Amino acid sequence: MKAKIGLAQINPTLGDLQRNLEIHRDFIDRGHRSSVDLLIFPELSLTGYFLKDMVPQVALRLDSPVVRELEEMSRGISLVIGLVEESEEALFYNAALYLEDGAIRHCHRKVYLPTYGLFDEQRYLARGRTVRTFKSRFGQMAILICEDLWHVSTVYLAAQQGADLLLIPAASPGRGAERGGKLEIAETWEAMNRTYATLFTMGVCFTNRVGYEDGVNFWGGSEIISPAGERLLKGNDFEENLLVGVFDLDEVRRSRISNTVRRDEDLDLTFRELQRIYRKHFPEGDGDE
Amino acid sequence: MSEVRISVELVRRMLTGFIRNEVTKTGHERVVVGLSGGIDSSLSAYLGAEALGPAQVLGLIMPYRTSSSQSLEDARRVVAVLGIRSRVIDITPMIDAYFAAFPEADPVRRGNKMARERMTILYDFSMVEKALVLGTSNKTELLLGYGTLHGDMASAINPLGDLYKTQVRQLAEAMGIPETILRKPPTADLWQGQSDEGELGFTYAEVDRLLYYMVDRRYNEEQLQDLGFEPDFVTRVTKLVQGSQYKRRLPVIAKISNRTIDRDFRYARDWGR
């Protein structure tokens, strides 16, 4: 089975939900016209990135009319959309929804909120607590958002739950122009995407946004990597674009025949060692030992 | 100096994109830039012209009577090569009228006043032109505080603020800025024979390498000395950077309420843009 995957390398307007919804409608229309099966938008695609005190103003509850409209738009084309999700207890999450056949199939709340250098997410957002996979019409999937990927453990957890495809919405700021023809950060991401795809024998779909916010550029360079580590699609740096590539789902099976890392992974070993390490970090008993 | 080198093609693309994006999303089409005939303002003008088209760039040449004729000539060459629009506005009458009341004023005071006079003219034209003031301060100057607060440091958007002087030179060369501008020693041109490097007491090549390791790579004093930097040089530059921190910040606001601007009232400058 083959899936036509679209990467919506868009430039959202900071804090302007209505305008960003327009951009989503436009790209979804274009996706339909290109017979795209699955269209992946970047991190916080409905809101823009450096929201700061705007977070509560642009937050959406999953039962809100906007989300209902997005659900409706997922008929005939599966969607990954980034938003600020407001929980029932009024906590705000950097989240991504997987929408299919008119319903939300999965909501991933970003677990690692970068708060260093130019990032300040923990100041404004609540932290997700789970990494889960979910079933889609294209097989078992996981969504991880941008900084989540800088922690191997999240990808490991997704792989151990059987992920065939890893979807990565990102808002990665461009930086580091000292190393020759490519941004340092772009090189790092390309290495991570390829490594994860190969080490966990799964397809990797990475959608990074473009545009500028307060002088910070987002570099784009969205890509799809096969489970064999082969690049199937690559977007231009810096330019808004709908990228469309074909992903052969049978490639997952073939890759696992030639590369047996998934079969050979010893979850029991990892678990035992982690438990031992955990006990060492957090010894039992009360008071001084 | 290889540490401080940048990929010019990449940076050129990022900076022209930056100018286009920041100008258009604020509802503008044009920029206005003060041209001194030096490398920084020339580079800003080149980037502006490439980003928006030459017709959308207004270069203001604002000499004082002691400004060197070479500066004027070089600024005019930039205008001619790029095909941008330009005006020459002599600031001598305004400056001399003011200092007629303070004849004892020293060159630094006069230089600051000239820089601020030029700033008011740039902002006046930005209103007439519905344009943004394009900045020309580079990272070296900003870190050392080698500029006039509310003077040449003032702008709406600054494409050069994250480039060291040697990186400015590298990009300027790649963009084909005239040789005479590339070669001449950097100067504030406040008096005959003044030069940045003479006044600072070190070269841009030296200080850029130090700042790169100090700021970008976070080397501490001991590690900087291991790289061969003289302790006195390190101390002096550290003091300059610390001492000029106020120039890189907005005025301090005394906190009274629960929600104070910039402290707990935090929005991006591009709020809703």
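Any Cβ shown, glycine's included, is placed from N, Cα and C.
Database features, via TrEMBL:
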type	residues	note
BINDING	B:Gly34, B:Leu35, B:Ser36, B:Gly37, B:Gly38, B:Ile39, B:Asp40, B:Ser41, B:Thr136, B:Lys165, B:Thr187	ATP binding site
BINDING	B:Asp40, B:Glu141	Mg(2+) binding site
BINDING	B:Arg116	deamido-NAD(+) binding site
DOMAIN	B:14-251	domain 'NAD/GMP synthase'
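Distribution of TrEMBL features across the structure.
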| residue | record | contacts (Cβ under 8 Å, 6+ apart) |
| --- | --- | --- |
| B:Gly34 | ATP binding site | B:Ser41, B:Gly59, B:Leu60, B:Ile61, B:Met62, B:Arg118, B:Ile121, B:Leu122, B:Thr136, B:Asp152 |
| B:Ser36 | ATP binding site | B:Ser71, B:Ala75, B:Thr136, B:Asp189 |
| B:Gly38 | ATP binding site | B:Ser71, B:Asp74, B:Ile181, B:Lys184, B:Pro186, B:Thr187, B:Asp189 |
| B:Asp40 | ATP binding site | B:Thr136, B:Ser137, B:Asn138, B:Glu141, B:Leu160, B:Val168 |
| B:Arg116 | deamido-NAD(+) binding site | B:Thr148, B:His150, B:Gly151 |
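Between the farthest pair of Cα atoms in the ATP binding residues (B:Gly34, B:Leu35, B:Ser36, B:Gly37, B:Gly38, B:Ile39, B:Asp40, B:Ser41, B:Thr136, B:Lys165, B:Thr187), the distance is 18 Å. Put plainly, the binding-site residues B:Thr136, B:Thr187 were compared by Cβ crowding within 10 Å, and the winner is B:Thr136. Using a 10 Å Cβ-Cβ cutoff, B:Glu141 (Mg(2+) binding site) registers 24 neighbours.
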